[in-house]
Amino acid sequence: MPKRADIKKILVIGSGPIIIGQAAEFDYSGTQASLSLREEGYSVVLVNSNPATIMTDTEIADQVYIEPLTLPFIKRILRKERPDALLATIGGQTALNLAKELAEDGILEELKIELLGTKLKAIEAAEDREKFKQLMEALKEPVPESRIARTLEQAVHFADQIGYPIIVRPAYTLGGTGGEIVENSEQLTEVAKNGLELSPVTQVLIEKSIAGYKEIEFEVMRDGNDNALIVASMENFDPVGIHTVDSIVVSPVQTLSDREYQMLRDAALKIIRALKIEGGVNIQLALDPDSLRYYIIEVNPRVSRSSALASKATGYPIAKMAAKIAIGLTLDEIVNPVTGTTKAEFEPALDYVAVKIPRWPFDKFAEADRELGTQMKATGEVMAIGRNFETALMKAIRSLEIGTFALDDLTYSDLSNQDLLNRLMPATDERLFMVADLLRRGITIGQIHEKSQIDEFFLDKILHLIEIEKELKMHVLDFKILKIAKENGFPDVTIARYWQLEEKELRHLRKKEDLFPVYKMVDTVAGEFSSKTPYYYSTYELENESLKEKRPSVLVVGSGPIRIGQGVEFDYATVHCVKAIQKAGYKAIVINSNPETVSTDFSVSDKLYFEPLTLEDVLNVIDLEKPIGVVVQFGGQTAINLAGRLENNGVKLLGTSLKDINRSEDREDFNQVIKKLDLSQPFGKTATTVTQALSVAEEVGYPLLIRPSYVLGGRAMEIVTNRQDLSDYMKRAVKVSLKHPVLIDSYLTGREAEIDLLSDGQTIIVPGIMEHIERAGVHSGDSMSVYPSQYLDQNVQEQMLDAAFKLAKELHTIGLMNVQFVIHEQQAYVIEVNPRASRTLPFISKATDLPLAQLATRVMLGEKLADLGFKSGLMAPKKLVYVKALVFSFNKLPKVDSSLGPEMKSTGEVMGVDRNLAKALYKAFVAAGFKVHEHGNVLFTIADRDKKEALALAKRFDELGYVLWATAGTSSFLHENHLPVRQLGKISEDQLNPVTAMRQGKLQIVINRLKTDEPLESDGRAIRAAAIENGVPLFTSLDTVAAFLQVLESRSFNVSAINKGDKS
């Protein structure tokens, strides 16, 4: 079937900011799909609100809009661009919901815009719980007994009929948002009410729980000719009851008999054909481990995180194929880009095992509920490939970057056998390590299976790893055991620990015994056909399929899994680095472990190694490829932390030298740099013991900003105001030592600003100065930013530029550097320098239209900025205003406090662009999910220290016509200052209080400033939690409130009586 000739222009909707449930996989799929459509000759218009993506680069689509993903803005773009068709299946749940809204609005029909790929009817049949159930019943495909509830009363009634336990599943939500397994009616009341509020169609499914069944997934493709195939089969290590994104997942399936596999495969193919989906779909099924009974759990009629995993696990580019199917091509017409010879209709065949392990944010949020269930909590994931399950699992464990290299890196000696068994259910993020520890103690596979419902096949594989552990400890320096361990994924660092050697010594021993990994190709055809993919994984076998070319190469170290503090912006930088290396004539090699990202698309680089980002795994690739240099500037703290050990092993690092990286990262060395350059810096010292920290604090003076050295995303950073707080922090948050001192700084209040600069050692260019909206004390990664600067005076800007230039020269910067300042009493103080690409790089690159990562790479490869037409200095600002706003995922982590401070908490970002600040702010707030009401009720609950500042803001709300509500202390203060205010009671009281007011929909905005000594169980914390739970815009920084007021004021008209006041 030839591709469609009746359409010329296609609008592609992206997925917006990174949140828990919707991460970098949609940048990968959106980029793939857009390029695929352009490859076929179509004009592509792309809209997304997230600047930290490759898909919003101007070369990805013919027209790129960075605008809020809301109905009004999409409609404006549709009217302006007049596309012939709309593709909404590669932008996650956000794009699907928008497609539904656009169709219901009538604009698609009005402008004669066709929905490509999966039609609205199919989307509704898969997403609407009632229609899905009806379709499954018509197909005679079993679904768990369930009822649709549209009210709380219906939910309770249906649950009583079905019987507990039940699963509550809200319709049209993302990542299982609002979903939960419920044991009783009291729990149901809370969960169902929340689910109905979260569902855009006010609908929840009350479903009989089948927790404990095996969870199986199929990624399925279908074209317009009804050709369909299974791209990948995936099995969850964890049984039904844990969201698949929070499960360890294995591909291909491991424990099914041929009969079971064919039965489920047939069901999946029957469903995609019945839905008439054209493109890709993810189908989740539950199989009774003791019979052939199975149930259909759900169908995702779009590209998903599982699709990205399946694409990387098999090499089959699902989003690319889905885009081609959407414009009319059929699977038997599309060439498989992996082989270059076979067609896309052939099902991939795997001669290896891929394992995915989720990356959770619990290292950042100690107070978070670690229990795993039907609502996802992972921010990202890693994938590893091996010849067997054991190898892939061990490689995935060390890819997580949580300090674990093997199964014995987390043990539970403080727990008895029974206590540890009991901890298996409900499951937490540590269950895998708990299982290993139980097996180590001699607890049987049967006992663990009975408690956890994890299949005995997987438990037996873990036991095999425990047995190898024991053998290694018993047979020190035994080469035979070493070989077995390496064939099963054990890293050098773990074996060296067992044998009481340094890692370097074990590496030398391996080399002496000629024990090296070889690299096998991921080819989709299990070696049956020749393949041209440059996509490899390591294994300890004989034949190496990755052959070194004569052309000189450069290795780029990726950034690993998405987590808070290190997001998709670093993958953006990695991809741009690769492009520049290729343009310079070198072979670009990428090593990374993240299946969601564009950098791990095999078509991006000349060679891709899907490997953990550890010293051993990176050195193994370097030994084979012998690159002319290695780039660590774009992989965030992950790559920077490898720099020293790589150089110590004789690796040449491109860009800023290791010595100068360390001078910027090590506090004492950096203090000497600041002193030498005569720059201003908050007074501070380091401490290596608790006693020393208390002594330093007295010298520096409270309040203090405390943080460990060498951290990412402000982890374990805190503002303390007294000796007791400091003592508690030192005991709770950090492991202080001579090697890892704690930094203790005077906390200066003031506006923050930052600079990203580019230097070749001679010419230094500054694209722009970014000014933060929130003052010092809120982590820079959580602070809204504005470019160009709006409020910094010329003198302050010159101070910043002078300091940045001096630092770049003194640190011999080759490439990128990020410098952060606090402006205190018109003096610019240097607070931090990052000798690498920072998380602001995509934002400033998009705002200035300057490919900074590519330019930095060219500089690292020896080019001079002067030869490229640049002169030292600050570049002329753009005429538009650009605002970066942050997005948080507190609704997925209900026990995490939503107040902002020096510890980073955001998961993603959006950008607002317009001709003036107020309009750009409006777009940024809307894109970040804030509801902008022209009037309503605003709650003030303010700590004493902030009341005076809050008063001015309250007056502005009053002028706009907002009704002021407040808690007792704040209410008295506002009343004393002659403002009308309604007082609310304490949460413990029966009268109307902030929490019940929010639940009743009576509050449109909540402004909460916490006290410095606020206890965990406080009204303030409960108010913040209720705002998140009820979707009420919450502000914990008065600076953000002022910016929001600027938006409200710009959108309202002033009304005043002409006879008001004295005119004389």
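Using N, Cα and C of the backbone, Cβ positions are placed for all residues, glycine too.
The annotation ATP 1 binding site is assigned in Swiss-Prot to Arg129, Arg169, Gly175, Gly176, Lys208, Ile210, Glu215, Gly241, Ile242, His243, Gln284, Glu298. What Swiss-Prot lists as Mn(2+) 1 binding site is Gln284, Glu298. Here Swiss-Prot flags Gln284, Glu298 as Mg(2+) 1 binding site. Marked as Mn(2+) 2 binding site by Swiss-Prot: Glu298, Asn300. The Mg(2+) 2 binding site annotation in Swiss-Prot covers Glu298, Asn300. Sequence annotations record features per position, and here Swiss-Prot assigns ATP 2 binding site to Arg707, Ser746, Leu748, Glu752, Gly777, Val778, His779, Ser780, Gln820, Glu832 based on sequence analysis. What Swiss-Prot lists as Mg(2+) 3 binding site is Gln820, Glu832, and the listing cites sequence analysis. Taken from Swiss-Prot, the feature Mn(2+) 3 binding site applies to Gln820, Glu832, supported by sequence analysis. Among the features that Swiss-Prot reports, Mg(2+) 4 binding site is placed at Glu832, Asn834. Annotation comment: Swiss-Prot describes Glu832, Asn834 as Mn(2+) 4 binding site, evidence class sequence analysis. Swiss-Prot lists 671-861 with the feature domain 'ATP-grasp 2'. According to Swiss-Prot, the feature domain 'MGS-like' maps to 930-1064. Swiss-Prot lists 1-401 with the feature region 'Carboxyphosphate synthetic domain', giving sequence analysis as the kind of evidence. Sequence annotations record features per position, and here Swiss-Prot assigns region 'Allosteric domain' to 930-1064.
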Enter the number of other CB atoms within 10 angstroms of the CB of Leu748 (ATP 2 binding site). 22
Taking Cα atoms as reference points, which of the binding-site residues Glu215, Gly777, Gln820, Glu832 is nearest to Asn300 (Mn(2+) 2 binding site)? Glu215
Sparsest Cβ environment (other Cβ within 10 Å) among binding-site residues Glu215, Glu832 belongs to Glu832
In DSSP terms, helix, strand or coil for Arg129 (ATP 1 binding site)? helix
What does DSSP assign Asn834 (Mg(2+) 4 binding site), in three states? strand
Secondary structure split (DSSP) over the domain 'MGS-like' (930-1064) reads 56 helix, 19 strand, 60 coil
Out of Arg707, Leu748, Gln820, Asn834, point to the one nearest Ile242 (ATP 1 binding site) in space (Cα versus Cα); all of them are binding-site residues in the record. Arg707
Quick one: Cα separation, Glu215 (ATP 1 binding site) versus Glu298 (Mn(2+) 1 binding site), in Å? 11
Quick one: which of these binding-site residues, Glu298, Leu748, His779, have their CA within 10 A of Arg129 (ATP 1 binding site)? Glu298
Rounded distance in angstrom between the Cα atoms of Lys208 (ATP 1 binding site) and Glu298 (Mn(2+) 1 binding site): 14
Cβ packing number for Gln284 (ATP 1 binding site), 10 Å threshold: 20
For Arg129 (ATP 1 binding site), the number of other Cβ atoms found within 10 Å of its own Cβ: 25
Work out how many Å separate Gln284 (ATP 1 binding site) and Arg707 (ATP 2 binding site) at their Cα atoms, rounded off. 44
In whole Å, the longest Cα-Cα distance within the recorded ATP 2 binders Arg707, Ser746, Leu748, Glu752, Gly777, Val778, His779, Ser780, Gln820, Glu832 is 18
Cα of His779 (ATP 2 binding site) to Cα of Glu832 (Mg(2+) 3 binding site), in Å and rounded, measures 12
How many other Cβ atoms are found within 10 Å of the Cβ atom of Asn834 (Mg(2+) 4 binding site), counting all protein chains shown? 24
In whole Å, note down how far the CA of Gly777 (ATP 2 binding site) lies from the CA of Asn834 (Mg(2+) 4 binding site). 18
What Cα-Cα separation, expressed in whole Å, is found between Glu298 (Mn(2+) 1 binding site) and Gly777 (ATP 2 binding site)? 44
